[in-house]
Amino acid sequence: MTTDTPSTDERAGPDVSDGGVAVPDRIAAQFENIKRTRRRRAIGWVGLVSFLAFATVQAFAATELLNPDARLGTFVESLSEFFPITNYLGVIPFLDFGQYVEFMIQENLLYDPDIGGMLFQWPPNPADAYAFFFQELGIFQVFGEAGITLAMGFVGTILGFPFALVFGTLGSERVTPFPFNFIFRGTMSFIRAIPAIVWTLIFIPFLGLGPASAAIAIAFDTIGNLGRLFVDELEEIEDGPIEAMRTTGANKPQIVFFGMLSQVRTAFIAWTLYIFEINVRIGVTVGVLGAGGLGYIVTSQQNLLRFTNMMATLIAIFILIISVELFSQRLRSRLRSDEVKMSLWELITGFPRRMAESAMK
């Protein structure tokens, strides 16, 4: 009998790496694969960073920041007009709020004394009161230009709410089966895709440049934003009450009204108050186009290069927005236990961010 003798390669055993440690071929291949992966990843990151750097330079060039027409002297001078300084007792410099208050009173930014005098006259005249509230001016005019901005946001919320309720309810898959519910969801998505400031431009030929076109534009914006919030709330309701009503033989409208909407009634009111906050801020934004209110005053004073008056109007906007948000948040915190309560300081520090977000809605 012959016995197979091992070959030279077989007797040699496994490869030996540096240091005398045996490393199988498959482990070496895995290490090599890891190295190649790291190299590709490094090349990818270098390419991404290079592309971002190139895109950044091109963006700066497109915005003319690489060759700016900077006028530092003019900027510093305008800052001194935004924040006028006076001397207290002729020695201590401090911000002259008196100029702000003077312009607010002169332009009736927060209160119109003539209209307020008609409203609070004594003894009261019932005929004048009826004409004031229902025929001519209205209660919002008492607050001057701020009242016009507030009225635009309020009317937009009131007009948009019923449509948002209908579209939001029918957009829920619990109410309207798939894919028909996407007819309503798609409509709301289309409305949300167009900012309120663009809706205002669309309605200017119909209603003219004024608070009316702004209010309708805000109403359309409300349909898209508030309707989406309603859809999300309906998707998270409990199934128990719905099943209980079905076992009693309730029809579909009864199930929707008493089994679904009854569960989200409080949440719907809270979301409506939240959208009202946003709509008042949007009222300022669309006012810049010339729709009226405080936004229009800001634009007119900017065009006249009266920066002190412009800053006074911005302070009036700040007072209006913070007042509305305080009122709305207190109501929402009573309606919803999970509502995050913001302090006055948080409302103040977050004011620029919320205004910027509202401008994009």
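Every residue, even glycine, has its Cβ placed from backbone N, Cα and C.
The structure displayed is predicted, hence computed values, not measured ones.
Among the ranges 95-111, 282-298, the one that TrEMBL lists as transmembrane segment is 282-298.
Contact between the transmembrane segment (304-327) and the transmembrane segment (146-170) is present: at least three CB pairs lie under 8 Å, with pairs separated by 6 or more positions in sequence. Scored on C-beta pairs under 8 angstroms, the neighbour of the transmembrane segment (190-220) with the top count among 42-61, 255-275, 282-298 is 282-298.
146-170 is the stretch from 42-61, 146-170, 255-275 with the greatest number of Cβ pairs below 8 Å to the transmembrane segment (282-298).
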